[in-house]
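Asker: Copied straight from TrEMBL:
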{"type": "TRANSMEM", "residues": "B:12-32", "note": "transmembrane segment"}
{"type": "TRANSMEM", "residues": "B:44-62", "note": "transmembrane segment"}
{"type": "TRANSMEM", "residues": "B:68-85", "note": "transmembrane segment"}
{"type": "TRANSMEM", "residues": "B:97-115", "note": "transmembrane segment"}
{"type": "TRANSMEM", "residues": "B:142-162", "note": "transmembrane segment"}
{"type": "TRANSMEM", "residues": "B:191-210", "note": "transmembrane segment"}
{"type": "TRANSMEM", "residues": "B:216-237", "note": "transmembrane segment"}
{"type": "TRANSMEM", "residues": "B:244-265", "note": "transmembrane segment"}
{"type": "TRANSMEM", "residues": "B:277-296", "note": "transmembrane segment"}
Amino acid sequence: MRWPLLLVLLFLLAFPPIASAMGLEFYQGLLTKIMILALAASSLNLILGYGGMVSFGHAAYFGLGAYTAAILMREGVSSGWVIWAVAVGLSALLALLIGAICLRTRGVYFIMITLAFAQMIYYLVVSFKQYGGEDGLRARRPEFGLFELTDTALYYLSLAVLAGALYLLHRLINARFGRVLQAIRENESRALALGYPVYRFQLLAFVLAGALAGLAGVLMAHYTQYASPNLLAWQQSGHLMMMVILGGVGQFWGGVLGAAALSIVEEVLQDLTIHWQLGVGLILLAVVLFAPRGLAGLWRREP
Amino acid sequence: MPPSLLLEQLLNGLQFGLMLFLLAAGLTLVFGIMDMINLAHGSLYMVGAYLTATFVGLLGNFWLAVPLAVLGTALIGMLLELTVLRQLYRRDHLSQVLATFALILIINEVVRIIWGSQPLLLSAPEELSGPVEILPGLNYSAYRLTIIGVGLLVAGLLFWLVNRTRVGMWLRAGASNREMAQAMGVPIRPLFTLLFGVGAGLCAIAGAFLGPILAVQIGMGESILILAFVVIVIGGIGSIKGALVGALLVGIVDTAGRAFLPLLLSQVAPPEVAANLGPALASILIYLLMAAVLFFKPQGLFPART
């Protein structure tokens, strides 16, 4: 598992100079987008895959991060570090509020109530006409002091954030916290009977996932230089969920693989035909019917 | 606020709620009996509306077009069940979500290939285009009144089917305990296919009648699907009665909120704030309603399983 990973990392580190030498800047942008989406999908995989909490409202934190960046820039805050801190803090706070209420329900009701809160956030944000309403809000790139946020800098920044987040998630999932979280997913009453504070563990995971999704949202706003209401819409939640399911629920690389696979498939099919969604649909359907454990499950046979 | 306005909005809410019920009824039965999340339910609503518009174009008669569209959509629904959905019953909810989401994409594109990206024009039948006087001094759209009538009729038929017939008894047995029903000899497989056909047909009725009011376009199924899910969660999954109560609640609360909240808000808040916040609050209202219902009744208002 280590060697392929190192190779991929080396490839990603070396890609921008090679790309600019060969005139492939477009692919550098695509990779940036994939890494940002991979961060968001991996954060969802933490609660969906490892925690068994099927949140259908993950776009709320993703979009809130993007909007925080755009609104702070509009209001004259230009330091990237301040924007990051505020966006991550706000996303975590929102996840704390929503999670505290939603985690009292289970199953389908949990799915629906997380969706309900995400919809409320969507309509609230869209109602602020001074922040663009349904048109979205332009978001210039902030200043980071140490470096200028060019396309290439953003690429490396996204790579660093993704790598850091994945390292954190890896440590967390294999630590006591992650083990307990998985135990709760497998058998909640047993975990409760063993004396684990189930609610607190789930809430902590929920907040952490929200914060990481918020960070991904900020990066997305830097990438597109625009905070779109679509980032908050329920289709975005669905899209993130598709990535996780496609990649492999509860498989460590599930979020990353799903984000990469779905983005690449969409990109390729968009070039080929205007009816690209038909292709995406057929591929997704084939994955469900023939690869029940997602892409990551294809070469990892053990559970 | 004049009482006639109040009555008019109430009727609008009733009309929308009844159409929501037609969508939610199929969804809640599929969900309750097969334990299957079918996101593609909204796509059948879209197919129903497109078929209606096509048949109206061919035959020139709305009342001939609707039964044909309902029949066509029911056949498509049964075909989907036989080919794809049947494979998914034993899978977990997430696989069902992914697979039926894939079906949404596929059906959307097929519709785009057949009918193009432009919204279709489907107008209400001419004899119903005018208003009727339902109370002295109160005019109401004849077409919307017809929808209320059709909705009540179909809802009555459905209740008769579910509560008074053998098939309905099987359905209720399946909703409260599927394994037990199967053990007692209920023919589950053909029942499921039939149920999908009926659910698809109900979608088509809603699509046909809402088409002239909303718009016949790609993606029309997704926005209403979320509402239908809100309805069945409020009502309690698997319960027809719950679907009816939930649909009427959502229909009336949503319609009344959109009509009156901006008005009410403008009396307590500065006009600029009211103009911004009013529509947003109105959109949020049904989700607040759902969150409140789930807070006090975590299984919905009329839980089918005990």
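The backbone N, Cα and C atoms fix where each Cβ goes, glycine too.
How buried are the listed features, and what sits near them?
Answerer: Note on the transmembrane segment (B:68-85): residues 36, 38, 40, 44, 47-48, 51-52, 54-55, 59, 99-100, 103, 192-194, 196-201, 203-205, 207-208 of its chain, located 6 or more positions outside it, place their CB under 8 angstroms from a CB of the stretch.
Same-chain neighbours of the transmembrane segment (B:191-210): 19-20, 22-23, 25-27, 29-30, 33-34, 41-42, 44-52, 65-66, 69-78, 80-82, 85-86, 89, 146-147, 150-151, 154, 158, 167, 170-171, 174, 220, 224, counting only residues six or more beyond its ends whose CB sits under 8 Å from a CB of the stretch.
Residues 227, 230, 233-234, 249-250, 253-254, 257-258, 261-263, 265-266, 269 of the same chain, all 6+ positions outside the transmembrane segment (B:277-296), place their C-beta atoms under 8 angstroms from a C-beta of that stretch.
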Asker: How about long-range neighbours of the transmembrane segment (B:97-115): same chain, 6 or more residues beyond its ends, C-beta under 8 Å?
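Answerer: For the transmembrane segment (B:97-115), the sequence-distant neighbours (Cβ-Cβ under 8 Å, at least 6 residues beyond its ends) are 37-40, 42-43, 46-47, 50, 54, 80, 84-85, 88, 91, 218-219, 221-222.
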Asker: Which one of these stretches, B:44-62, B:142-162, B:244-265, has the most C-beta pairs shorter than 8 Å to the transmembrane segment (B:216-237)?
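Answerer: Going through each listed stretch, the top one turns out to be B:244-265.
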